[in-house]
Amino acid sequence: MASGILLNVKEEVTCPICLELLTEPLSLPCGHSFCQACITANHKESMLYKEEERSCPVCRISYQPENIQPNRHVANIVEKLREVKLSPEEGQKVDHCARHGEKLLLFCQEDSKVICWLCERSQEHRGHHTFLMEEVAQEYHVKLQTALEMLRQKQQEAEKLEADIREEKASWKIQIDYDKTNVSADFEQLREILDWEESNELQNLEKEEEDILKSLTKSETEMVQQTQYMRELISDLEHRLQGSMMELLQGVDGIIKRVENMTLKKPKTFHKNQRRVFRAPDLKGMLDMFRELTDVRRYWVDVTLAPNNISHAVIAEDKRQVSYQNPQIMYQAPGSSFGSLTNFNYCTGVLGSQSITSRKLTNFNYCTGVLGSQSITSGKHYWEVDVSKKSAWILGVCAGFQPDATYNIEQNENYQPKYGYWVIGLQEGDKYSVFQDSSSHTPFAPFIVPLSVIICPDRVGVFVDYEACTVSFFNITNHGFLIYKFSQCSFSKPVFPYLNPRKCTVPMTLCSPSS
């Protein structure tokens, strides 16, 4: 109720020109009041249009400027009214214009704001399109709802983009950290390679220096002796020529024969163009080998040897080591001497605890192969064998088999893929070979192909990819250099690791994954 009275009072003290509360109010003789600035501006406008009489902007009654009087009473009311504010509770009941105190019932489309009827008539909104709030509220409610849904959709997209960029950021950090680790590891490997190559090359040069200088020193000594001998001979001849006739002829034939028969011994020389030229190692190739070896080593399995009853293939208690023991020491056929065993044939293969033994004791050819106890029927498998200091060995994989009455055991010594053997070997200390299927030239024996091995391996890695049907051999001593790879292997049955120490008593050892 009080707010209604205040609003009515406010209407009475509002300037009809600016529609604001009166400022320094002046009253005309007709009783209407105006702001001093507003009525002065109206007076100047009349002078501009050369109007002889001034009239009230509201009632158009003429007045003279000297009749305008300050309205102190209205000024006091305005001052008090400016100090009065509606209570919060009353303000919540009715929305009123902050400028005019009128109800906010209209909407200005151009300015997109709610106004009162006095605002609509003011200079600020003159000529604008205005509507009752009820007329446009539903339309704008729909628009705002559509905008809200669109914004929520964009918010979801923004959140997804934010999550994606965070995920990408994390992925990049992981990848870069991984690459940094790999780079450090690769360069560490390169440093190891360079250190090893440098040490090896320096050792070769030192050996070359030792051998050549030793030979040249020997030649130098011989040349010194030869020169000294010639000096002595020349001195003898000069003495004879300068001496008496008796000295000249005494033993003259002997000394002439010594001169005529003397052959000048030439020293042994070494041509520099025949020297081995040092070439920097192929670091990229070595690094690729390292990476391949690192990859296959992820499939390292702990292989042990199957128990067997082969007396000359001795397996250690830990089932990791097999060595050859001369059967002449352990076996003597009834009525025979050890010497008569040299032509016996004794060939044995082992699968688990089962052994296959040829009873034919003629043309004695020792076959001491043993199998690992773990069968391979799928997947990828890798293991390493220590063959250091051995002068002969055979290793690889062998297909499991069960002998029958028709099985020709002599074929067991034919290390051929068609018989289930994918193996490589060493003989005579430095001759490496791969055993292939027999050819027309060797119909009953494996076709042995020499392998070029620059650095003799102390340890050999074996990798079997059952699904890819491949068996690969790596020279661990030479940075994982690939020695040989069998492709298109016909794995029709389980295969087993195969080790044969041959006639070398130095053991072969299966390395543990932690070694």
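Every residue, even glycine, has its Cβ placed from backbone N, Cα and C.
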Notebook entry, point to check: Which one of 145-158, 187-200, 327-340 shows up in Swiss-Prot as region 'Required for interaction with GABARAP and for autophagy'?
Noted result: 187-200
Item checked: Swiss-Prot annotation (zinc finger) - matching range among 15-60, 383-428 -> 15-60
Item checked: Matching range for Swiss-Prot feature annotation, zinc finger, among 92-133, 260-301 -> 92-133
Check: Once the chains shown are all counted, how many other Cβ atoms turn up within 10 Å of the Cβ of H100 (Zn(2+) binding site)?
Finding: 22
Notebook entry, point to check: Name the residues of the same chain, 6+ apart in sequence, whose Cβ is under 8 Å from the Cβ of C97 (Zn(2+) binding site)?
Noted result: K103, L104, I115, C116, L118, C119
Notebook entry, point to check: Under 8 Å Cβ-Cβ from H125 (Zn(2+) binding site), six or more apart in the same chain: what's there?
Noted result: C108, E110, D111, I115, C119
